[in-house]
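Remarks on the structure that follows.
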Amino acid sequence: MDSLDGDGEMVIFIGRCKCCLNEGDLKNMWTPYTYEGETEIYGMMLTECFALSWQQPDDNMKYMDMICISCISRLRDALAFKREVLVSEEVLRENQDEILLYTTVKVEEDLEEEEEKSEYNDVEYLEVPDSLNKDELNEEYLSDEQLLSSDNSLLIECKRKRSKRLTKEDRNKTYKQYTEEELQMAVDAVQNNEMSHTEAAELFNVPTKTISAKIRNIANEEEEQSQSPEENRKRKFPKKLPKQDRNKTYKQYTEKTLRIAIDAVQNEGMSCNKAAEKFKVPRKTLALRLQNAIAKKEEPDDDDASKIIDQEKHYKLVEEIKSILTYTNAIPYKSRLSRYYCAYCSTYGPAFDDADDLRTHTKTKHVDNRTKGVDQIMRPHWLNEVLRIDIHSLHCTVCCTILPTWNDMFRHLEDVHEVVLDEAYNRVIPYILARELKCALCGEAFPNYHMLDGHMNTHYSSYICSECGDTFLSASRLKKHVEVHSTGRFPCEVCGKVYNLKKYMKKHFVIVHGQKDQYKCSYCPERFSRTFQRHQHVLENHKEMVKIKTCEICGKTFDWMPYYSAHMRRKHGNKKNYKCKQCDKRFPMKYQLRDHQEKHLEERNFVCDVCSERFKTKAGLVRHCQLHHNFPTAKNQTVK
């Protein structure tokens with residue numbers, strides 16, 4: 001389906017949800033589907049719920065009307081609510097007279113009951129006659145049915161008013177007026193089954209809850225004494241949750257909400273506790289920010305001024321990131337060991353080798369948390385000063401305009417939607433996570449993500465090395481780079497091998513003597529020292545999880561993404577950066593150039609041991625042995 005935007009450009013809507021224009025898991029609106037035993041046709045459900053004027057298209061055009069899973073869920077809820085309202089309205093209309101009569105009678109009964117209560121306001125305690133069982137009155141009041149069955153005249157007297165809560169001074173006059181001897185006697189009476197909790201509390205003038213708590217403590221002490229010393233050393237308080245679980249409840253407020261709470265305390269006179277409860281921010285955090293704000297006003301200095309500037313820049317960056325995620329379909333993400341991770345789940349969540357799986361996960365699992373989770377992603381600001389963002393097939397989600405480049409997005413948001421982005425220009429790093437990795441800013445191709453990620457430093461000058469002048473986009477990258485200039489003698493503590501760079505020694509120690517198995521399987525706890533070993537493990541033990549990659553040009557299939565990427569560079573790559581100096585031929589891979597240069601050699605150093613024929617290259621000897629001597633490989637060869 002095509003449409004025109006405000007500038008007259010043609011915009012393509014094919015492959016999008018007709019309700020929200022999002023991509024993802026789509027279903028046809030006019031195809032019957034079964035859900036919980038019932039047949040659903042989403043186009044008819046939309047017409048019934050919202051009275052839309054949509055008409056069922058022709059058979060050859062039905063494939064264009066699609067709806068996403070998120071909209072289907074919302075449609076089911078909306079239609080169910082509409083049907084419930086209609087049914088309730090029908091019931092009210094049919095039983096209007098009966099409901100009106102019942103309501104009138106109920107109001108009259110309530111008025112009579114209020115009059116009866118007002119006549120007996122002075123009745124404070126209930127005097128229980130001997131005809132009633134006093135055990136039933138120890139813990140709770142008698143019900144109306146019990147009173148009516150015993151003596152109807154007691155009904156009104158039983159409905160006494162609850163006494164008001166005493167002041168703290170008055171409560172202290174009656175609180176803990178028992179002795180430890182009386183408490184111990186009450187506990188002994190209950191443990192020996194001589195009395196119930198209520199009887200012991202009444203006899204020894206001890207609170208019932210105190211007796212129960214004392215008995216529980218005694219039982220816990222006896223249980224600890226019966227345990228072994230190892231079991232007794234276990235922590236009595238809950239263990240500290242892992243970081244991924246703490247993030248579910250820790251700092252779930254936004255900086256904007258915290259600032260509103262601070263303003264309410266400073267300008268509106270609201271107390272710190274009420275503001276923390278109303279805006280759902282930590283009370284200690286709110287109090288600390290207020291204290292810092294007061295101290296900075298009284299004795300400002302240069303350090304405080306720089307901190308305030310940094311806080312304002314980070315706050316503005318977070319708001320601009322929310323604007324980008326609101327107006328575009330960009331996907332924030334994180335990376336580790338050349339694998340992709342969801343920015344909302346962080347590196348504790350699932351890892352993805354394919355960027356398509358990352359995009360599908362983010363669009364389906366975090367559709368409601370797209371902007372709300374930005375504050376959590378960017379905390380703390382000194383570690384998360386930049387954000388990686390995937391702009392594959394970038395377009396505006398408001399007006400559905402296709403945005404070919406990263407700079408086009410900035411111009412479009414400012415010209416069309418009046419959204420100006422300043423901090424995001426230098427601190428939001430764009431990537432195009434496609435099968436063929438290219439720089440989103442200059443278009444240069446790279447064989448793997450690690451090289452592309454390092455290349456992005458050349459486009460940003462946020463941090464500059466004072467030794468060599470190289471630029472870096474984050475402070476952490478500059479810190480790692482500075483180690484290159486600290487040359488010297490760095491011996492390994494285990495084997496004594498000496499390196500001239502400290503980072504090389506650390507890498508040697510980790511690989512050889514430290515964590516050899518740093519690559520973990522995504523589907524089981526097994527770990528491996530190389531990515532290829534992990535891939536072989538997945539092929540053998542998790543075949544159902546292997547995703548087959550198919551070349552769109554020649555149809556060849558691959559079971560590992562590095563294989564597919566290498567195939568695209570070798571066979572279908574446009575850039576051939578390796579040139580032969582003797583014949584000016586170019587090759588996309590360095591090893592191809594090396595094999596080609598052997599053809600220019602005059603010496604024939606490869607000799608067949610069967611017929612003594614000589615060849616310039618090893619490949620020529622292999623072909624000779626396979627054709628003339630029926631060898632599967634060149635087993636008999638001599639290099640002279």
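In case you wondered, yes, glycine gets a Cβ from its N, Cα and C as well.
Over in TrEMBL, the protein carries these features:
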type: DOMAIN; residues: 15-95; note: domain 'ZAD'
type: BINDING; residues: CYS17, CYS20, CYS68, CYS71; note: Zn(2+) binding site
type: REGION; residues: 220-248; note: region 'Disordered'
type: DOMAIN; residues: 437-464; note: domain 'C2H2-type'
type: DOMAIN; residues: 463-490; note: domain 'C2H2-type'
type: DOMAIN; residues: 490-518; note: domain 'C2H2-type'
type: DOMAIN; residues: 549-577; note: domain 'C2H2-type'
type: DOMAIN; residues: 578-605; note: domain 'C2H2-type'
type: DOMAIN; residues: 606-628; note: domain 'C2H2-type'
Which of CYS17, CYS20, CYS71, the listed binding-site residues, has fewest other Cβ atoms within 10 Å:
CYS20
CYS68 (Zn(2+) binding site) CB neighbourhood, other CB atoms within 10 A:
23
Checking distant contacts: for the domain 'C2H2-type' (437-464), what same-chain residues at least six beyond its ends satisfy Cβ-Cβ under 8 A?
335, 338, 386, 391, 405-406, 426-427, 429-431, 470-475, 477-478, 562, 565-566, 569, 573, 575
With DSSP as the yardstick, break the domain 'C2H2-type' (549-577) down into helix, strand and coil residue counts.
12 helix, 4 strand, 13 coil
With DSSP helix as H/G/I and strand as E/B, how many residues of the domain 'C2H2-type' (578-605) fall in helix, strand and coil?
11 helix, 4 strand, 13 coil
